[in-house]
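Trainee: Take a look at this one; I'll ask things after.
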Amino acid sequence: MRAVLAWKETFREQCVYDLAFKPDGSQLIIAAGLRVLVYDASDGALIQPLKGHKDIVYCVAYAKDGKRFASGSADKSIIIWTSKLEGILKYTHNDSIQCVAYNPVTHQLASCSSGDFGLWSPEQKSVNKHKVSSKITCCGWTNDGQYLALGMMNGVVSIRNKNGEEKVKIERPGGSSSPIWSIAWNPSKDEHNDILAVADWGQKLSFYQLSGKQVGKDRTLTYDPCCVSYFSKGEYIVMGGSDKQASLYTRDGVRLGTIGEQNAWVWTCRVRPDTNFVVLGCQDGTVACYQLIFSTVHGLYKDRYAYRDSMTDVIVQHLITEQKVRIKCRELVKKIAIYRNRLAIQLPEKILIYELFSDDSSDMKYHIKEKICRKFECNLLVVCSQHIILCQEKRLQCLSFTSVREKEWVMESLIRYIKVIGGPPGREGLLVGLKNGAILKIFVDNPFPITLLKLSTSVRCLDMSASRNKLAVVDEHNTLLVYDINSKELLFQEPNANSVAWNTQCEDMLCFSGNGYLNIKASNFPVHQQKMQGFMVGYNGSKIFCLHIYLMSAVEVPQSAPMYQYLERKMFKEAYQIACLGVTDSDWRDLATEALEGLDFDTAKKAFIRIRDLRYLELINSIEERKKRGENDNELFLADVYAYQGKFHEAAKLYKRTGHESRALSMYTDLRMFEYAKDFVGATDPKSSRILMTKQADWAKSSKEPRAAAEMYLSAGEHLKAIDIIGEHGWADMLIDIARKLDKAEREPLAKCALHFKRLKHHGYASETYSKMGDLKALVHLHVETRHWEEAFSLVEKHTQFKYDVFVPYAQWLAENDRFEEAQKAFHKAGRQNEAVKVLEQLTHNAVVENRFNDAGYYYWMLSMQCLDIARESEEQRDEMLKKFERFQHLAELYHVYRSIQRYTDEPFSSHMPETLFNICRFLLNNLTKNIPAGISKVNTLYALAKQSRKLGAYKLARYSYEKLQELHIPSRFHESIELGNLIIRSKPFHDSEDLIEGMMCYRCSTNNPLLNNQGSVCINCRQPFIYSASSYEVLPLVQFYLEEGITDEEALSLIDLEVPHIDQRDARWQDMDNGELQALRMDDGLDDAEEDPFTAKMSFEQGGSNFVPVKVNRSVLRSMSRRDVLIKRWPRPLKWEYFRSLLPDVSITMCPTCFKMFHSEDYELLVLQHNCCPYCRRPIDEPN
């Protein structure tokens, strides 16, 4: 370790009491006299003096974040300064300030005076002060900022928490006779405990843990310490004091050396952060900055490397296994030497000789063999098996381990390099290089040195090859010179070398480093270079040992470059030796291949064994067998080698040259290289050509290369065979190319292509092919199969003959996907009425089973209309279908009605008025006289009727309903309710409300009908059927009339449309509401007609007849009618139109133009607004009729 003065500054007649560095190391704050001085730490230039104190400044401290620093003075004040050198705050104590310290985490400032200490932080307004019993001389925070240590005049160290409460008290044995003068916490992050260094004027340095427990023993000093300071990472301590110098110590307190001698006491010393620069401040005003230079102390022997660590330890590293062992000497290590199982360490007062426990090459356990307790001054130290050799300038001394000086050699010039080159124990040889260029060989047991060479320049580095035949020297001009020792001849020289080493396992290889490159030289081949940091110190096999600053590493260098240099010269044996030192697998393969081509089968075999290549090993074995049998045609062997390597054309040429054409031919045909085979045979030999063609055809048939076979067939024009192969393997791209190239007349190959496309699900290609062929039917089937309905429909639009082929599968597909209504329409479109009916029947059945009576009614209505379509189209089915039409219309109405009852009984809320429900129940019961359709419950109907009758005052009907219910099987959920209702109804009078009975008046004969009628919905007197509103099920004031024989619908319509003169006066009061879609009647005011209406006359009939007599009208009656009073159900053929005459024209009635159901106009408008369609047939309101 050397200390070099970097810069120095002196302030006259001012003592420098304290120093502090800015945390980034750029500035130095100095307390000198009354001023605070700010210096540039790198060159000692003054940046700015700061004035503010009125008395001597004793202490300065910088905050860890670098934003502010503080100074404390004998004027009892503390000033806080910013990093921009501006004073921002001042506060005072009652005594002079002795020391200040910033918390490294919270940046809280501790300021200590003779009688108390204060804690200030920027966010606090006031300073918290705490009294102490003795004068504080020094203070310091722990690394985590939790505790503050105070050193006092009475020999006590007090450790306080952040609030100033004392936690630990350390009392030094000397008490007040050994005041604590300086303390410092170790900043190292590796330590498990916080370690406090305490220096007192009892001339002791001691270490404590945070708990107050002492670490190790007191270290006795020879002076009064004034300051103690750690390096940034805590590895060393700097201390100064009354001995007028600063000294370097290990972190355990072992003195390592002097940093700088001064003329006065050293009051303060600080280490510049993260560097090796130390600044001292002295009593006489001197500030000096020193750079510490730590030299590398180390030794290397083969794969063991020993080096100094932390100045007092030695680490031995095994460069191959990467194992390390640390030897703690607890004193400054000055020199290290290592040789075989010996290790010598020179300390200030002695030399220790260590030995390995065993001879095992990987053993790393050392124990002390000998101690030589003498102080030696030497430049170089070497150890042998039984001796140590000390080198002091020109003199070499050989000492035994018992410190007996056995021999001494004095050289003619300074010794520059010394190295043990091995030998028997006690008789080892040394290589010595001198400054005057002489190179000597000295044997430990021989007093006479042997001169090997004499160079003209100084020697820097030496090494001798493994067989002691060659010597490599690096001179002071960085030139590498290699000599033959025996002939003294210069073999070669290379520039830019700073160190050299021979390979310990290979005589002809050496490596040298220089200019950031590593150079490897084999024999006299050109140098191979690669980048490397540091310099090279050893070469063992394929490992090169490289030292970079303090770090030694083993670099694995593949020996590829020298191996290839030997291969170029066809020196296979030497290349193999180099490869054995360590090359990559691909290098082994190259060596094997080159040796095989060079017909060195022995080397090739060894190399192929290394990479475990059985194929080539079989080839070599077969060649060796053939050689044994007497074959010796090297060209033929080489042809086989080329064939194995895939160099077929070279192999063929060699086969031809050696007269083995048949081999070349069989090689080509085996490889399916028919073109080359044809070229090889040429036009000369028709027989060989024929054999070749047969082979090619056979191969194409059984080929495992179908693509090639297909291409061959195509070139031969065998399209069908090619298509079969391509289709089988699913190469759609090749197939479409063929299909596009084929003429559309070639239908068979095109059809095959299309089939393959269908199988491969390439529908686009298939449709392209069918379109090319013009096969529309196949195209339609393709679209249907692939469910591309849009394309299918667009085809059907152009070619209607395929309607059946598209719509039937479409309907089936819709049905499979639960889209039954669409399916039914599709069947209908396709003209498959039976299927359409079947789907609808199934839908209806499902709707009934699932209690979706609304849907059931709708489906029955659709069914009836379908039956009507069939009846219109088919003569033979007409009667049957018309019967079905009637039945389905009837069922549709029943289910439509029952939906309201089911909702009333099964759901908690009803959307119907009691009158509507009352009417619905009566309508349903009147129509349930014979058989009851599936899903409709008579119990629910009677139950609903009983409840509504009771509400509306039809007590007689209610009692009748309850009595009827007693005859039926009642679900348990109704039991209680029915029994209760039955009891309640018996308390009511046994008659019905008059209003209700009047509501059941027949508009033909004015008879009041009973509320329930077992004959159905007809008048009990005239048998005229009642016409109901399809929403409220009230009886509408309509009477159906029929035309006399011979009057057609068209004629009747024209007669009704004729306006008769005597009705003209009414025009003002009638409103015509026929808008083409809906027919509606409304009259503003009834007129007392004096004249007899011809229609009223026709309504009369014979009383008491049991048969129904319909109202028939002739032309004159039709002529007398107004168009506004007549509603016509215009049924499609084969049904006849139905005519209705309104008897109360002021009642507005609307009829749906699709299902012909009658409604009160107001009800209809409301329902249409709710559902946006007719509530019965679901016809959208905006759909044209």
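Placement of Cβ uses the backbone N, Cα and C atoms for every residue, glycine included.
Annotations in TrEMBL come from automatic prediction, not curation.
Not my notes, these are from TrEMBL:
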DOMAIN    2-189  domain 'IFT122 first beta-propeller'
REPEAT    50-81  repeat 'WD'
DOMAIN    190-293  domain 'IFT122 first beta-propeller'
DOMAIN    298-552  domain 'IFT122 second beta-propeller'
DOMAIN    559-940  domain 'Intraflagellar transport protein 122 homolog TPR'
DOMAIN    994-1039  domain 'IFT122 zinc ribbon'
Trainee: The repeat 'WD' (50-81): which same-chain residues, six or more beyond its ends, come within Cβ distance under 8 Å?
Mentor: 15, 17-24, 29-38, 87-105, 107, 109, 111, 113, 120
Trainee: Average the per-residue pLDDT over the repeat 'WD' (50-81) and send me the rounded value.
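Mentor: In the predicted model, the repeat 'WD' (50-81) has a mean pLDDT of 95.
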Trainee: Using DSSP, how many residues in the domain 'IFT122 zinc ribbon' (994-1039) fall into helix, strand and coil?
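Mentor: Helix/strand/coil tally for the domain 'IFT122 zinc ribbon' (994-1039): 5 helix, 8 strand, 33 coil.
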Trainee: Take the repeat 'WD' (50-81) and count its residues per DSSP category (helix H/G/I, strand E/B, coil), listing them in that order.
Mentor: 0 helix, 18 strand, 14 coil
Trainee: Quick one: DSSP breakdown of the domain 'IFT122 first beta-propeller' (190-293) into helix, strand and coil?
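Mentor: Final tally across the stretch: 0 helix, 64 strand, 40 coil.
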